[in-house]
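*Asks:* Quick one: the structure is below, and I'll ask about it shortly.
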Amino acid sequence: MSLQMITVSNNMALIQPGFSLMNFDGQVFFFGQKGWPKRSCPTGVFHFDVKHNHLKLKPAVFSKDSCYLPPLRYPATCIFRSSFESEKQQYIIHGGKTPNNELSDKIYVMSVVGKNNKKVTFRCTEKDLVGDVPEARYGHSIDVVYSRGKSMGVLFGGRSYIPSAQRTTEKWNSVADCLPHVFLVDFEFGCSTSYILPELQDGLSFHVSIARNDTIYILGGHSLANNIRPANLYRIKVDLPLGSPAVSCTVLPGGISVSSAILTQTNNDEFVIVGGYQLENQKRMVCNIVSFEDNKIEIREMETPDWTPDIKHSKIWFGSNMGNGTVFLGIPGDNKQATSEAFYFYMLKCAEDDVNEDQKTLTNSQTSTEDPGDSTPFEDSEEFCFSAEACSFDGDDEFDTYNEDDEEDESETGYWITCCPTCDVDINTWVPFYSTELNKPAMIYCSHGDGHWVHAQCMDLEERTLIHLSEGSNKYYCNEHVKIARALQTPKRVLPLKKPPLKSLHKKGSGKIFTPAKKSFLRRLFD
């Protein structure tokens, strides 16, 4: 094992808590910001380029037929192939936190549709589910098993916010363990079914999961119910016959007590567990090898890397799997010095450079939970945390960058906009202004001209007004354009009153002739 320090480009503090790394045929991509995508990259996905121990993030692009993918933090991700022998690789993304700090229950499928020497083009599609749909969560795992020529997703664990009826201002972000249900997800038909297995008593979060053929192994994890990290080792076997699937669970000996560890694969039958926590305030400095032989699993300690003094003495550490036996690590900088870096980064290679990741064995681990400001400094959910500001990119990047003069996709790709001359929304500190904001910032569409988005907060809209306008199809005009819009309105056409002719003032057959004074009064009355 070799440990190398990584230098970061100027203004490369874009990496935020809860990020994910995805490896597409040896190319690593970064996903998940704390805020909505900035002007520097409307998609929020970046090429994680490391050359000569130097890291640079380069914006990636999506195809025109892609759905919008929020920069989710702490999602569950895994590699997916339509069949065991398929060469085509996709990534499944489920759950995670939205930029509003709410939780997502959506499933996204990411695939590469174009690649050249300058850029990679992704396609992202959203998968709708029916049946027993898993609730929104984070800190869970999703894996894919293959049995009898069929594939199925397996989702387990995680944490979720307490029910809406129990959420108050003081407990708005309180979380609880999800029920220990195992969900089977059919990605082809969009069906989801939950299973209750008696061996699984706790809804563990931030465990390590390994999928091999038709079996998933669950190691470690953390339960809020009793704040312990039991030495778990579960084997979940999924059989996919022509009828209903069969799911069974077996408790195996030889587990380890760990949470929020990073798992990377070094060869066809071996994995390495790096990092994590064994106690709430104690990092786990030991590395383990997980090996498989004849459907048997063995976990043993291995020689640890030569950790630097900074890593040894730091209270937290963080990182993610880059694939091919490589782990990206970071520790907080020494904030006692004014010139100190926010974070120091390392790359740990657990395998030789020529070892390729086994394409038929999938791995997954929960590598982060909370932001530093959301919990105590020692919670195991913090070891994979980054703190950052918006970043800009060097102009000499070979990748295409987002054109700042391009306004046509602003309403679809990001909500960090200056909506009016008096807009005071801070892109770095913005928090939901209304309690009704569950999936996106409180914004409303002004119908003037080609239309544009404005913040409800800047327009001084009451929450009930926002709800009323959102539920209907009425046009709305912002403060700047409401007078213009009113001036363009055409007054309703009013039918003129019919004036009776003067000759009608003399009633036939009445034998009475109106005097001039009465005629004048009647004219004024009808006029």
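From the backbone N, Cα and C atoms, a Cβ is placed for every residue, glycine too.
The annotation Zn(2+) 1 binding site is assigned in TrEMBL to C419, C423, H455, C458. Here TrEMBL flags C446, H452, C478, H481 as Zn(2+) 2 binding site. Residues or ranges marked as compositional bias 'Polar residues' by TrEMBL: 361-370. Positions annotated as compositional bias 'Acidic residues' by TrEMBL: 371-380. For 414-491, the entry in TrEMBL reads domain 'Recombination activating protein 2 PHD'. According to TrEMBL, the feature region 'Disordered' maps to 359-380.
Help me picture where these features are in the structure shown.
*Replies:* The Cβ neighbour count for C423 (Zn(2+) 1 binding site), using a 10 Å radius over every protein chain in view, is 14.
Taking the Cβ of C446 (Zn(2+) 2 binding site) as reference, residues of its chain lying under 8 Å away and at least six apart in sequence are, in sequence order, H452, W453, V454, Y476, Y477, C478, H481.
Model confidence over the domain 'Recombination activating protein 2 PHD' (414-491) stands at 69, taken as the mean pLDDT rounded to a whole number.
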*Asks:* Cβ atoms within 10 Å, counted per site: which of H452, H455, H481 has the most, among these binding-site residues?
*Replies:* H455
*Asks:* Report, as a single number, how many Cβ atoms besides its own are within 10 Å of the Cβ of C419 (Zn(2+) 1 binding site).
*Replies:* 21
